[in-house]
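See structure below.
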Amino acid sequence: MENMDLIKRNVQEIVTEEELTKLLETKKHPSAYTGYEPSGKIHMGHVLTVNKLLDLQKAGFEITVLLADVHAYLNQKGTMDEVRKTADYNKKCFLALGLDPEMTNFVYGSDFQLSPEYMLNVLKLTQATSLNRAKRSMDEVGRKMEDPKVSQMVYPIMQAVDIALLGVDVAVGGIDQRKIHMLAREGLPGLGFKAPLCIHTPILLGLDGTKMSSSNENYISVDDDEAALKKKFKKAFCPAEDIENNPVLELFKYHITPRYDEMVFERPEKFGGDLVCKSYAELEKVFADGSLHPMDLKNGAAKYLNEILEPVRSVLE
């Protein structure tokens, strides 16, 4: 697969493709980062961006992972000691998912976010950002709160400064990070920093058909064992012949087919015998025309995700 195809695989948006093309033409090893707030278990929604970092690493990018312990503290996710322990757990998960330990730079927010240089740039960006703009950049939970904390408005400002001081070319995140990334593109040049390119991945559906979230308990954790996976998929929303907003198909599209050249769905002879698919497009077709039953799709998802997550479970045991 060509580098540009790897970079664009399973991406919802690139801001901008023209800038990306120029970057690849002028820099042999561009840099990219994703920040993760250490606030709970890593689930397959998080792994979407890890997959993209893996693609970028294969395409020659230098990768930085920000373990944003200060962000988590400001977002009321625990004491600094608690969020640091969660950050260490995150790091183990990301390495077990395939990030190259020799080619990935893991940075804790507390390593640089408390420095005078960092805080001065945060203050400069707050001066250049309106209150309404800061509110729009808050996460969904913060925007819906009747009386959010000031720290929750500073959070997106800090995220923009993270990009600047880490010195990366590309910011990677879910499409829900778009407003923060646009704030960085608009505000950082005024502080003397370059505007980052942005790569946005989709938001993964939870097993009930809504957004995958630890708070909704509709997620697959990277440390779920085989029994837990089978139990969760048995209850998963997966209407027959429906390829729109189907969470089980999404898991194949974003997590399984990029890792397997072919998928075998094991079935008794009386139900047609084993069915082999060699691409996501082929899988979607046989599910849409009724050749593949939802339960067979679910069983296949449980089997392949169990294999994908085995290295993570081994590290965490």
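Every residue gets a Cβ built from N, Cα and C, even glycine.
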> To which of the residue ranges 38-46, 74-82 does Swiss-Prot assign the term motif ''HIGH' region'?
Replying inline: 38-46
> For the L-tyrosine site that Swiss-Prot assigns to Tyr33, Tyr155, Gln159, Asp162, which of Gln12, Gln177 is also named?
Replying inline: Gln177
> Can you check which of 136-140, 211-215, 296-300 Swiss-Prot lists as motif ''KMSKS' region'?
Replying inline: 211-215
> Other than its own, how many Cβ atoms are within 10 Å of the Cβ belonging to Tyr33 (L-tyrosine binding site)?
Replying inline: 25
>> Averaging the per-residue pLDDT over the motif ''HIGH' region' (38-46), what integer do you get?
In response: 91
> Residues with Cβ closer than 8 Å to the Cβ of Asp162 (L-tyrosine binding site), same chain and 6+ apart in sequence?
Replying inline: Tyr33, Gly35, Leu66, Ala68, Gly109, Gln113
>> If you compare CA-to-CA distances from Ser214 (ATP binding site) to each of the binding-site residues Tyr155, Gln159, Gln177, which comes out shortest?
In response: Gln177
